[in-house]
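The annotation topological domain 'Cytoplasmic' is assigned in Swiss-Prot to 1-49, 94-193, 239-330. If you look up Swiss-Prot, you'll see Asn49, Asn122, Arg129, Asp130, Arg162, Lys163, Trp236 marked as substrate binding site, on the strength of similarity to another entry. Annotation source Swiss-Prot lists transmembrane segment at 50-70, 73-93, 194-214, 216-238, citing sequence analysis. The Fe cation 1 binding site feature in Swiss-Prot is assigned to His94, His99, His131, His135, His275; the stated evidence is similarity to another entry. The motif 'Histidine box-1' annotation in Swiss-Prot covers 94-99. Feature annotation from Swiss-Prot assigns motif 'Histidine box-2' to 131-135; the stated evidence is a curator's inference. The Fe cation 2 binding site annotation in Swiss-Prot covers His134, His243, His272, His276. Residues annotated as motif 'Histidine box-3' in Swiss-Prot: 272-276.
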Amino acid sequence: MPGPATDAGKIPFCDAKEEIRAGLESSEGGGGPERPGARGQRQNIVWRNVVLMSLLHLGAVYSLVLIPKAKPLTLLWAYFCFLLAALGVTAGAHRLWSHRSYRAKLPLRIFLAVANSMAFQNDIFEWSRDHRAHHKYSETDADPHNARRGFFFSHIGWLFVRKHRDVIEKGRKLDVTDLLADPVVRIQRKYYKISVVLMCFVVPTLVPWYIWGESLWNSYFLASILRYTISLNISWLVNSAAHMYGNRPYDKHISPRQNPLVALGAIGEGFHNYHHTFPFDYSASEFGLNFNPTTWFIDFMCWLGLATDRKRATKPMIEARKARTGDSSA
């Protein structure tokens, strides 16, 4: 588990628990025109999200013309920020907080929470709760980004509409006590907006300008806007492409696939058939030489003594499952 429940009373932020519980219902409201959802439900379009995401992607396209004019250090910095933000999602919100596939000591949890704010993909609590719903109710109406509704919906469209009522109702029934018990999760949620402004936009922009004299214009569009847009789309490919394209050597009866190209961009998160078959496995991929920087990072943290109790599917368990339900592709 991410953190001991006994820590909950040691910090003056207990009211954050109530804010989190209130957040469970925050996606229900909203007005605006409606569109058909799954099984005929009408879902309100969130026009603010449509406009902001459209502007973000237009900004990213414009950023491409600035690349030849930027200093090489700025491009390296943007890539470093991409990797840092990615770890906040993959090693943090996903493998640590959503699946509890390993334990992390307080310094590592703080680092991952800060990195997660740089990713700006919802706070740890909401991300983890929705991801647990995605696994428990995969590709049903209770799945926040149900791939059965098509590539566009599972990639980005799910962010353009209010959550399906099944996502809200089933989400309330999930056990999230471990998330509520972790002060790092509560504090990050309480101060999420300011942490996102600082970590996703201010810090990535100011470092190139202040340290090696990059223009603020180039710094903002390359290290913030372009980097953030690429980061979002690579993460979304796990929800879309990795549920549609690839083989299924572990379970042919589920939609998630092995997609090495997604794994390459998402630092190890594309071995999705394996992950949905063995969600408790901290590596999210089978033994071997798979490209999985997130696993390498967790292993390094264990070597430093900052992470422990890595959970792993055994080789006999994996082979037995492949023989029973795999598609014989591996």
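Glycine too: its Cβ is placed from the backbone N, Cα and C atoms.
On the structure: features taken from Swiss-Prot.
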residue : record                   : Cβ contacts under 8 Å, 6 or more apart
Asn49   : substrate binding site   : Leu159, Phe160
His94   : Fe cation 1 binding site : His131, Glu269, Ala284
His99   : Fe cation 1 binding site : Pro279, Phe280, Tyr282
Asp130  : substrate binding site   : Asn122, Pro144, Val167, Gly171
His134  : Fe cation 2 binding site : Asp143, Pro144, His145, Asn239
His135  : Fe cation 1 binding site : His276, Pro279
His275  : Fe cation 1 binding site : Pro256, Glu269, Asp281, Ala284, Ser285
Neighbouring CB atoms within 10 angstroms of the CB of His276 (Fe cation 2 binding site), all protein chains considered, total 22
Trp236 (substrate binding site) and His243 (Fe cation 2 binding site), compared by Cα position, are separated in whole Å by 11
If you measure His243 (Fe cation 2 binding site) to Arg129 (substrate binding site) at Cα, how many Å is it?
-> 20
A correct count of other C-beta atoms within 10 Å of the C-beta of Trp236 (substrate binding site) gives 20
Quick one: average pLDDT across the motif 'Histidine box-3' (272-276), no decimals.
-> 97
Of the binding-site residues listed (His131, Arg162, Lys163, His243), the greatest number of other CB atoms within 10 A surrounds the CB of His243
Would you count the other CB atoms within 10 A of the CB of Asn122 (substrate binding site), including those on all shown protein chains?
-> 19
Once the chains shown are all counted, how many other Cβ atoms turn up within 10 Å of the Cβ of His272 (Fe cation 2 binding site)?
-> 27
Here the Cα-Cα span from Arg162 (substrate binding site) to His272 (Fe cation 2 binding site), rounded to a whole number of angstrom, reaches 26
What is the total of other Cβ atoms whose distance to the Cβ of Arg129 (substrate binding site) is within 10 Å?
-> 24
The rounded CA-CA distance in Å from His272 (Fe cation 2 binding site) to Arg129 (substrate binding site) is 19
With DSSP as the yardstick, break the topological domain 'Cytoplasmic' (94-193) down into helix, strand and coil residue counts.
-> 66 helix, 3 strand, 31 coil
How does the topological domain 'Cytoplasmic' (239-330) divide up by DSSP, counting helix, then strand, then coil residues?
-> 39 helix, 5 strand, 48 coil
Within 8 Å of the Cβ centre of His134, His243, His272, His276, which other residues of the chain have their Cβ, at the recorded Fe cation 2 site?
-> His135, Ser138, Ala147, Val238, Asn239, Ala242, Ile254, Ser255, Pro256, His275
Shell list (Fe cation 1; ref centroid = CB of His94, His99, His131, His135, His275; cutoff 8 A) | Arg95, Ser98, Arg132, His134, Pro279, Ala284
